[in-house]
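Peer 1: Sharing a structure below in structure tokens format, with a few things to ask.
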Amino acid sequence: MQALDKKLFRDFRRLWVQAVAIALVLSCGVALLLTSFGMYQALDDTRAAYYERNRFGDVWLDTRRAPETLLPELRAIEGVYAIEPRVVGAAILDIEGRSESAVGQILSWPEDDDPLLNVPLLRSGAYPAPTSTRDVMVNEPFAEANGFEIGSVFHANLNGQRRELRIVGTALSPEYIYTISPGGMMPDNEGFGIIWMPERAVAAAFDMEGAFNNLSVRITQDASEEEVIDELDRLAEPYGGLGAYGRAQQISDSFVTSEIAQLRGMAMVVPPIFFAIAAFLVSMVMGRIVALERSEIGLLKAIGYSDLEICLHYLLLAGFIAVVGIAIGWGAGTWLARGMAVQYAEFFDFPYLLFRVPGWVYAISGLAALVTTMLGAARAALAAARLAPAIAMQPPAPPRFKRSVIDVAMARLRLSQPTVMILRSFFRWPGRSAMTCLGLGFAVASVVAASFVNDALENIVDVAFYQSNRQDAMLLFTENVPETTIAEVRRLPGVLQAEPQQYLPAILRNGPLEKSLAVEARRPGTDLSRVIGADGEVSTAEPGGMLLSERLASQLHLGIGDTVEVEFLSGRRETHEMVVTGLVEQYFGLGAYADLDYLNQVFRQSPQMSVVNVTLDDNELDALHARLKDIPRLSGLIMMNDTRRSFQDTIRENVVVMNTVYIVIAVLITVGVAYNGARIQLSERARELASLRILGFSRGEVSYVLVGETMLLALVAQPIGWLIGAGIAQAMVGAFSSDIYSMPLILNPDIFSRASLVVLAAALASALIVRRRLDNLNLVSVMKTRE
Amino acid sequence: MAEVIFRTEDITKVYDTGEVKVYALAGVSLELYAGELAVLLGPSGSGKSTLLNILGGLDHVTDGRVWFRDLELTDLNDRGLTRFRRDHVGFVFQFYNLVPSLTAQENVQLVTDVAPDPMPAAEALDLVGLGHRLDHFPSEMSGGEQQRVAIARAIAKRPEVLLCDEPTGALDSKTGVQVLEVLKTINDQFGTTTAVITHNAAIQQMAHRVIQFQDGKINEVHVNETRIAPHEIVW
């Protein structure tokens, strides 16, 4: 090994604490890049493979009842590759040992052959026999959550008939990667199951012989989804078509898609921040090393080492830091990605996860880390190479301080000399001070961004579950029932309060823009389910008017006072023009609200409803559930308390993990920046500080200069960090918003104070660690050292 | 007449600080001969170090010309000067300029790694009487020992010229004499042309020639008829 290489290794060993502090910041970038890219790749690959192998549909269509004779016409639509008609129904389930009722989504299993599209992947047992009337196959998570085995039985209320069903197989389906019940907000594997039942049995139960009410379509590669949808809608119109939709509106797929988009966004945005901070730290440390080794550089040049060799020597030193950072990052990233893959496997129902972090992701993350480190070191390394040998051999000129307005101000304030030293150093190197503050600002921002999500979710829960939806349960009916049914509901055990509500599938149009959704209709003064805007005020749709969520209004380019064309897809299927009377900011779904009485009047019908919101007496829940299982036409039951609890549990779990991760990240950044900054200051100021000690300043007074500058920088960094954090929060609001949910931009003061506390504490700890070196400073030897 | 190793022709070096121009060298013409030990004397700021840096290829002239044998240094670019230093020149500095993270032997290896025909590092250290301190770090050695390592480092490449800038400046008289002994031994044994800068007038007695500097110019050159051995020098 050459002597210069030995110097390299020993220099690295001497600098290892600083090097590791930087390497850790760098490794965060590498690990996050690896994790987010790895997971993005894993989810994307797995989904693509799953969809392809199990022939996931492209377009779906729900109708009230369409005859099978329509199928040849549907097949003949240009661009249609394959179709799969089904009968789909809902059923209240009675599961032994479970007092609450569960809800089942019944899907017909074709009689003559296996399904063409959305083929379920058998996990255990067998497909149900076509002629059986009680054999069913259920989705695996539902079976596992309820402790079902092959041969287990449960009861279902199928269109008013109580039937015993026997499980002969379990499966997973590409349609239910994210399994959520209609109207539900959170997956609930125990309370919601997918049930595949032989076609003949389902058709008989739901009165659908020779007909279907759900269609899956696979289109050819060159087909236009929009045109196929239009054609499907046209043909299904006479049969109560409820509007065909593509994958973007398929609930499961849209959840997976938004997750994949988030991962990709994270891979693009977050790692570069870490790389930039690491590059800055490398630049700061290497700059100092080159300054300290000035005479050694002169010597090397005098001996005959070329500029290139010297430049490479310092680049290699930075390269070592990069190598350590990359190694830690790869290790941590691989571990983290694996951990996340397990989390995803739990969250999403994939039959398998094609998890592999491709080699190129390792290569890219390593290369990115190496390149940014090199860029950080480049300035110092070039300065070393450019240093003229004759000048390098002489002590550097003392840094130039000039009197400025700031000095005049400082003189006016009669500050102590140590304070003047701190301030002057701060202003003497404005670039370095600014970069340090920016680095610490990112640490603050990291905590702000994490805490913001916490508060935003809390707020969503508060508005959605405590202010808007105050009911204990929602009873969903298969179709509209006369409002008089509410009297029956009120007579159920434990029901304290019951209010009607109606969901009307509709297409809202404004010129060429349209959106399919369910219009919610309720009475003014309704107490249990209300529309609450972001301002916390209750909004009510006026007769003839419509309230729209801001997101929906902006998608349809509508404002208050505009007219919207509403094509109702149920009942008489009439189209009416309604005036937008108000906009509300909402976090869940694309809401459109109307007055129930007004709609009944326009439809020229006796009052109808499809949902009853109730409050319940907890003591009579068991009795209520026992009765619910037998109510005909009840298709679903959402226990809001369960939903609230499950939502809050999920949030709490995620928030704890996320806050921990981001606080660790913030501490790593702070230590990286503050520790290195203080070490550099100490190295630059050793003579000054030793002189002060010799002049009679106490250890505390001298420490003040060192710790004071670090803390001054940390303090100045706070507002910068708050601003960056607020910016990141704003960007997150934009990135997270989808048709499914959106996030409010809520920035409480305690978010900022917590972030500041974390970063200031970490900065102080870093400065104090460096301060200990001050105690060990050998005054005489420092004074003897040549500058 | 001995062969001329260095020849300068009316060289000047001006440092332009923006406000004032400082003439570090104001027209110096000089020849250094093969195998001679020359002492450059003069007060601080008289131009000795600047001249030495220019001869060693560490610095450029503002005006004038410099030759090393037939090679015109003033024609060379940085790459050429690096090559020249690597192949021909050994430097010794007042503050030793050892790399603190390298042992004595490794500090010498810095040179042997890049020189075309070096002697083994251990041999060079033996020559300066430090054969037993090969694995010591600079911090474990006295000032005199460190300076001898620096000399070993300078001679390990078997340079034709040895340029020493205040080699005893940071040393007490006893260790200073030891260092001068080493320089004389090298000069006698290998015939290495040696230029020693000092403002210690006592040292001039060991030189073949003494060149006096004043205000960036050569004030006087005189030849010592009788030289004395370093151990006879006292200061």
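Placement of Cβ uses the backbone N, Cα and C atoms for every residue, glycine included.
In case it helps, TrEMBL gives these features for our protein:
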| type | residues | note |
| --- | --- | --- |
| TRANSMEM | A:15-40 | transmembrane segment |
| DOMAIN | A:273-388 | domain 'ABC3 transporter permease C-terminal' |
| TRANSMEM | A:273-291 | transmembrane segment |
| TRANSMEM | A:312-337 | transmembrane segment |
| TRANSMEM | A:357-378 | transmembrane segment |
| DOMAIN | A:433-630 | domain 'MacB-like periplasmic core' |
| TRANSMEM | A:655-675 | transmembrane segment |
| DOMAIN | A:661-774 | domain 'ABC3 transporter permease C-terminal' |
| TRANSMEM | A:702-731 | transmembrane segment |
| TRANSMEM | A:751-770 | transmembrane segment |
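On this model, are these features tucked inside or out on the surface, and what's nearby?
Peer 2: Outside the transmembrane segment (A:15-40), and at least 6 residues removed from its termini, the chain residues within Cβ reach (under 8 Å) are 260, 263-264, 266-267, 270-275, 277-278, 281-282, 285, 289, 317, 320-322, 324-330, 332-334, 336-337, 340-341, 344, 355-358, 361-362, 364-366, 368-369, 372-373, 665, 668-669, 671-672, 675-676, 679.
Taking DSSP states H, G and I as helix and E and B as strand, the domain 'ABC3 transporter permease C-terminal' (A:273-388) has 99 helix, 0 strand, 17 coil.
Beyond the ends of the transmembrane segment (A:357-378), by six or more residues, the same chain brings 26, 29-30, 33-34, 37-38, 41-42, 271, 275-276, 278-283, 286, 314-315, 317-319, 321-323, 325-326, 329-330, 333-334, 337 to within a C-beta distance below 8 angstroms of the stretch.
Residues 17-18, 21-22, 24-25, 28, 274, 277-278, 280-281, 436, 439-440, 442-444, 446-447, 449-451, 453-454, 457, 710, 713-714, 755, 758-759, 762-763, 765-767, 769-770 of the same chain, all 6+ positions outside the transmembrane segment (A:655-675), place their C-beta atoms under 8 angstroms from a C-beta of that stretch.
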Peer 1: Restricting to the domain 'ABC3 transporter permease C-terminal' (A:661-774), report the mean pLDDT as a whole number.
Peer 2: 86
Peer 1: Would you list the DSSP helix, strand and coil counts for the residues of the domain 'ABC3 transporter permease C-terminal' (A:661-774)?
Peer 2: 99 helix, 1 strand, 14 coil
